[in-house]
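Asker: I'd like to ask you about the structure that follows.
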Amino acid sequence: MQWRSLVLGLLLLRLGLQALLTLLPALAPGLCLRLRFPFPFPPPPPAGLIPPAPAAGPAIGPASSHWGSLLRRGGGGGAAGGDEYERRYSGAFPPQLRARLRDAARGMFVFGYDSYMQHAFPRDELDPLHCRGRGPDRHDPSNLNINDVLGNYSLTLIDALDTLAVMGNSSEFQKAVKLVIDTVSFDKDSTVQVFEATIRVLGSLLSAHIIITDTKQPFGDMTIKDYDNELLHMAHDLAVRLLPAFENTKTGIPYPRVNLKKGVPPDSHNETCTAGAGSLLVEFGILSRLLGDSTFEWVARRAVKALWSLRSNNTGLLGNVVNIQTGRWVGKQSGLGAGLDSFYEYLLKSYILFGEKEDLEMFNDAYRNIQNHLRRGREACNEGEGDPPLYVNVNMFTGQLMNTWIDSLQAFFPGLQVLIGDVEDAICLHAFYYAIWKRYGALPERYNWQLQAPDVPFYPLRPELVESTYLLYQATKNPFYLHVGMDILQSLEKYTKAKCGYATLHHVVEKTKEDRMESFFLSETCKYLYLLFDEENPLHKSGNKYMFTTEGHIVSVDERFRNSLWQDILPGEEASSEKVKPNELKAVNFSSNCNRVPDERRYLLPLKSNYMRQIDRMVGLI
């Protein structure tokens, strides 16, 4: 194989250099610095110092500042020879550097969280430029960008609960849980999006409840004195207030929004996106199984099946917007980004959590159709000729290309591919998004791959690229992904840090900021960065199995969620108790499912340098 030839060549090169040093001792001091192991490290920078990010643009070279010196001297800079990609990314990653990056990620979270608590709590979000809080826009009910998310229920505090636990901060976790129990109520005249309330609020309450009641307490003592399942009761209360969205709909697909006090607004739209309506099953299913009440899982599963029944007979694809009364597709675009992303994610994750065979079957069919109709480029990621693999937006009925842009939400997909074992394909798609990040120091919300320019240039601190980076590192243990995480961390610190937190980038080219720090920055972006660099985290070492929700909340994967206490079935269907064992999960287009990247490739580039260069050229980086 080609990688074996590369390894042999590098070994011969090293032996040759060592022989040269023996013959020419005068040169040894200058050359052995790159060849000896272990290597000396420079002293750490002053506390709180985070080295600046490398300038966004075409340069491809060693990282800057103290971190860069660690890489050049600490064994992480790759071989002395080779091209610029190998010099920068291959080789081991110094543990001292990794520890400092872990601490920097924790510091990023702490600064954002403390700023929210000081300047914004009990309001929903922090305005990091003006150091104040924000809640729903009562003056403009049509401002859905705000009102879909902010429900006047201390959103950021709730969304950050399990991040506190993952980082081992038991005292602040306990304090925050008590604040939520004592101060948060869902009896509010707030109209919110069912999807956002479910993944951000319901999911976090359930995650924190699971952490508190875990008898093993892997993250430290996260128990709450005299805890009486209050977070579970709050989750139940919220879910009951969301249930009216599932009523009076002819298809079983829920309304997109609900008023927490009054139910579905009388002027509510009959159109909803596939992801919003079909990504409720994980949280609703957990709630049902913890309560022993099938209602919540039943309505969420009915919505998934209703959407699934509307897929194209020709392509098997779904659209992105549907009428909940007629079942007609209003938006006929099929892709992996906004409007569809988490629908696919939750087909797989619902199976992982609950073991229902039908979820796996739907996911496998969906994945096969995605590969057949959305995937472009060469067949193999790491060999052959042609363009690198890319997933495009097509017409759901014909499979024909609809446009030439992709959005930043699609960057989650490599992480999903890791979960099914399609690691090689994940490597290529991730490399494409990382190339865009390198060019701008952020991911534009929408990027036109034909024009090599952003179509929608803002970046709201989204976590999807970090999430895929973390999962690819867990699958491959390749230090390349630690370099990627370092680049992301540096860019966030350089371009998005504000007076009182971290701010949305209004324009990724101009680097102008918007006065908003979305709650998912603390619940996802900071969490995935921290876990990427924290190899010893209990989440990795405790022996427990965890899964991340689409909002990055951790839930334990255990038998209690695989056993339901009811036999409720959908009308016209037969009951089925058939469960699928974890080792039966197969990626439908991948021959060596779940194989990790071989150890021999561990310190080589995950993607050959010529293919990396091709991708960088495609996004205008070089």
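Backbone N, Cα and C atoms are what each Cβ position is placed from, and that goes for glycine too.
Marked as active site, proton donor by TrEMBL: Glu196, Glu445. TrEMBL lists Asp341, Glu464 with the feature active site. Here TrEMBL flags Thr550 as Ca(2+) binding site.
Could you place the listed features in the three-dimensional structure?
Answerer: Every protein chain considered, the tally of other Cβ atoms within 10 Å of the Cβ of Glu196 (active site, proton donor) stands at 21.
Of all the Cβ atoms in the protein chains shown, 25 others lie within 10 Å of the Cβ of Asp341 (active site).
In sequence order, Asp407, Ser408, Pro454, Val456, Pro457, Phe458, Tyr459, Pro460 make up the list of same-chain residues 6 or more apart from Glu445 (active site, proton donor) whose Cβ falls under 8 Å from its Cβ.
Long-range Cβ contacts of Glu464 (active site) within its own chain (separation 6+, distance under 8 Å): Ser408, Leu409, Gln410, Ala411, Phe412, Gly415, Leu443.
Counting only residues at least six positions away in the same chain, the Cβ atoms of Ile199, Ser279, Val282, Ser342, Glu345, Tyr346, Lys349 sit under 8 Å from the Cβ of Thr550 (Ca(2+) binding site).
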Asker: Any idea what the Cα distance is from Asp341 (active site) over to Glu196 (active site, proton donor), rounded to a whole Å?
Answerer: 14
